[in-house]
Amino acid sequence: MKTCSYWAGLELATPALDIHDCLGGNHARLLQDPDIFIRSLAGAIPGNRSSIRFIALGDWGGLPYAPFITPIEKATANEMGRVAQTMGADFVLALGDNFYYSGVRDVDDARFKETFEQVFTADSLKHVPWYVVAGNHDHSGNVSAQIAYSQVSKRWHFPYYYYELRFRIPHTNATLSILMLDTVLLCGNSDDFTDERPRGPLSLGAAEEQLTWLKERMRSSRADFLLVAGHYPVWSVAEHGPTHCLLEKVRPLLQKYHATAYLCGHDHNLQYIEESGIGYVLSGAGNFMEESMKHQDEVPPESLKFFYAEYTSLGGFAHIEITEKEMTVTFIQARGKSLYRTTLPRRTPF
């Protein structure tokens, strides 16, 4: 009988396991002991700082041919190093499309070195953990190899297709939960080159199991800040537009359970949309920039607060700080300019 192995307190899908070997029932419970994350993060935060700070970066996955990076990825990596040094970064959320255009072949694929390890080299990032989800381009390759790479790299943490992170804000009683989703398993793959929308999940059973897991985690969460993160956007004004599958399946849960924010990539720009008190943070400018706003009429009126897609900026990302009372989101371009800042309050009981 196949079983899922354990690593760093998280259930890990190994390359030999099919997704169904680890889905459902108790196998969907990915955190054996959430205090593992609380202790490890608290130990990494300097001094008496009473906040958690992290970078949200999507669509950063370089190129499948030499030099295996783009000028935007390189500039963004350099600026992330500067921001980690000056503003602080306890971890990075990697929001999918980690390796263009067809993911990786296996755990020994050179792309891990060429597009990740040899690019994000600043001293301030060397010991910062990356928490990873897959995007549509990753699903064109071997996602289980990306999961298995967690056993190779000390900073690459991808325990399963979807999982939960829990933290305590240092020196406070406030808590943070981040639910990391595989939106491709949930909604299906898509072809960027034809502007194709997600075409439905490959496995309806696996999609339903992930959605059931998400509902249960959100229903039971008492975290003071509850974030959901995935690759596809719920709302977007750009090239791909809103993801109708997520509008139908995830948006009602965000509203019902008073989520703080949803973080994503997929569209190659920076966006902030706010609806019903929920912040929609789109950070997909890690490798390319795309200025289209062709879906701007498909988001709620006056919900778009910020949009940025200036190619000469050489990309960008979101820096997030969470204190006992609020969450601050700052969009930063790769040339070092802070573009937009907003705050979201501590979650209210539902």
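Just so you know, the numbers here start at 1 and follow the chain as drawn.
Quick reminder: no glycine exception, Cβ is built from N, Cα and C everywhere.
Caution: TrEMBL annotation is automatic and unverified by curators.
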Residue among C22, C187 that, according to TrEMBL, closes a disulfide with C245: C187
Rounded distance in angstrom between the Cα atoms of H268 (Fe cation 1 binding site) and C187 (disulfide bond): 19
Shortest C-alpha distance to D59 (Fe cation 1 binding site) - which of the recorded positions C187, H231, C245, H266: H266
Inter-residue Cα distance where the pair is N136 (Fe cation 2 binding site) and C187 (disulfide bond), in Å: 10
Separation of alpha carbons, D97 (Fe cation 1 binding site) and C245 (disulfide bond) (Å): 19
Segment-level pLDDT (mean, integer) for the domain 'Calcineurin-like phosphoesterase' (53-269): 96
Subset of recorded positions (D97, Y100, N142) lying within 10 A of H266 (Fe cation 2 binding site), CA to CA, in sequence order: D97
Sparsest Cβ surroundings (other CB atoms within 10 Å) among the recorded positions N136, N142: N142
